[in-house]
Amino acid sequence: MNSLQSLCVLCARLNECALDLECLKFCDPVIVLSDMANFKKNGIVILHLYQTFFEGIKEQNLLCASALTVYMQVLLKAMYEQVLLLDAALESFMVDQDRKKYFEKVLCLKRCAEHLSINISLNNGVEFIVQLSTLNDIEQLISKINSVYALLLPQEGLQICGKIIDLLTIMCGACMVAKPESYLETKTCMKCYEELTLTPNQGKSLRKRLHGKFCNHLTEQKAFFNIEKNIETIEKDLGEAILNYGTIQSVVTEIKKIFKQQRSAESLHVSDAEKTLKKYNIFSKVPDVIYSLSEFTYWSKISETIVRNVAITLQQLNSCHTLYKQLQNDVSLYLYGEVSEDFLALSENLLTHDERLYVGSIYVSPSRLIDLVTGLSIKNLEESPIFKRLAEEDEVQHKIKSLLHDIRDPQTTETPGRLNTINCMLQTHNLQQEVLARKKAYFQKVSESGYNRVMACIREQESLINKVVSVNVYGNFIFEALSKIMNGFVLRKMYLDGSIRVDSCTYDEHLYIKNNLMPKKLPLELLPDLSEIMYTLLTGPLSDFHKSAYPLPANISMAYGCDHAEMLPHMKEDLARCIEGTIHPSVWMVCEYNEFFNFSGVTDVNDMQKKMWNFIRELTLSVALYNDVFGKRLKIVRIDEEEDLNGNVVLTFNHESPLLFHTGGGMTKFKDVYSLLYCDLQAQLSRETVDVPEGVSYSVRTPNLLDLVRENEQDESIIPGCLFDE
């Protein structure tokens, strides 16, 4: 078993322990104190695990984070704090015996720490404050950090990620069951947007398509069914001794009787039709009348879906809750000598039967509540004249009955209700009868259309209730996104130390390359590929769709990141125009000497983004033009990409060392694009060797600024004489 597998096993066991620990918060403290020795023993184990693993996992996340290690950091810290809090609360309860104070302390009811104000500082000192209070806020902040990833210093980025992890520790706690107040189910995340991009938009805007969509990524919905029907399991676990105590056996028997389902009677005409159709299969010779019967039976079943039988009523819900509560009290009397008073029991008397419909019950599965709410809605709809009209015998039922009659008694004359074209043509035209028939058909059409719309609304609300009422656990998307962002900042931080050489190029070298490139033009056919390179360099670590197994173009990755970060449309237009590029260097060669990735004097985030786009454009197009002019194959790579850095221009996004280049003597950092290109050109010249006779010295003349002087300009009237070599 390798280290990762061992960590997964440890995480799984910690999750089991965390769930038990979370349940203890809601239990009667008297029951917890009755087994205090076991609580202390498990608490010591948790403290030992925290002291053994926490610091190591924290350091691991600052070197190479993963979703698992980030989650482990959150889980260990939360369990450690929860054990200390429970221990202190139990010590206080032994003194004052006040359950209300105990639960207020354990559940932190008098204070809310699930809010955080983060001060974000960009490269040039531009600061702004972001308020976080839900998982949606955290996910949105991570998306925005992804959008301005290049403008954040790595130390600042890691510090922000550390604060987010601390907030997740408070918000998630020791248990991964999500608190209802910690997320908004109607607010979507980047994964929701990614899923929508896989289907055609049919001309609808992104906001319209996201409207009404429920996010199942930040919190994942877990369906629980038939919790109330587990009475057989409970009966087996209780044992014979407990079942014979008091009224426990009779209560168990009553619970069994509540949810006995009665099979709803199927429509008689459909049942008869199915019995007839069972005689035929794919090898039988099927008469036309049987085919018609099969088709009408199908449509009849479809139409009957509007009548929905709900297998639970409000009375059954309340009866189930009351009986389970009585069973719990009787078992508590047998085991502990008194009725348990847990957190839920303290507020039990404050709820009416109708209010329990919205609050729910720990003894009834959420799916039952959802069925009940939906059933009450449909029952209210049944009282309307529209539904009553639909419940009447329709033409499909009449057709089925007619066909069955023909099959059973083929000698009988045709049923008057069947369609007979010849008779219709011969019959006298009855205008009044036709009007009534058309009117009935119109009412039927309107009724079905209206009902379908009402049912669609009910289904939509049912989805919302299902998300709200059902158990939700924290998804792994937050931890995955956080680990990707952290790894990007970690790789950038590695090249901030002083061990990297500083370039020794001067302004002359900068000007030499720039003057060589300025008169040239970039080949027009290179622009589309260069645009993709620029999008790749600008895209944050989260928008990595261009690196997936089925990669998308880099501009699509950039579009996803911008859209979810809620970048304004005019900014996206400015980005697109900047990336389009041009073949004329005079347009994009705007960076001064040693001023690459310098944002001094810029006080606005939007202006910083535009300046960053211009920097990346100049870098990309300058390297491409340099390759074209000098016949080189230089490539630009990001520091957070898994590629060979040797011989490539490395973009770090760091203000102090935005560019790196590996030469024979090691890695060198640059603040100027053209000095880096000169360094590459000089390295090529030094690698060129010529066979020289022994005893004869040979050296390659270093390019000089005066090489650009024309022959007719070599006089002191234009070029100062001090620049000429003596």
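Any Cβ shown, glycine's included, is placed from N, Cα and C.
Swiss-Prot assigns the feature zinc finger to one of the listed ranges (189-217, 247-275), namely 189-217. A sphere of 10 angstroms centred on the C-beta of Gly631 (ATP binding site) encloses 8 other C-beta atoms. Below 8 angstroms of C-beta separation, residues 136, 139, 143, 183, 460, 463-464, 467, 475, 477, 481, 542, 545, 556, 560, 563-564 of the same chain, each at least six residues beyond the ends of the zinc finger (189-217), sit close to that stretch. Considering other CB atoms within 10 Å as the measure, the emptiest surroundings among the binding-site residues Lys632, Arg633 are those of Arg633. Residues in the zinc finger (189-217) partition by DSSP class (helix H, G, I; strand E, B; coil) as 12 helix, 0 strand, 17 coil.
The secondary structure of Val629 (ATP binding site), as reduced to three states from DSSP, is helical. For the ATP site, the Cβ centre of Tyr626, Asn627, Asp628, Val629, Phe630, Gly631, Lys632, Arg633 serves as reference, and the other residues of the chain with Cβ at most 8 Å from it are Leu625, Leu634.
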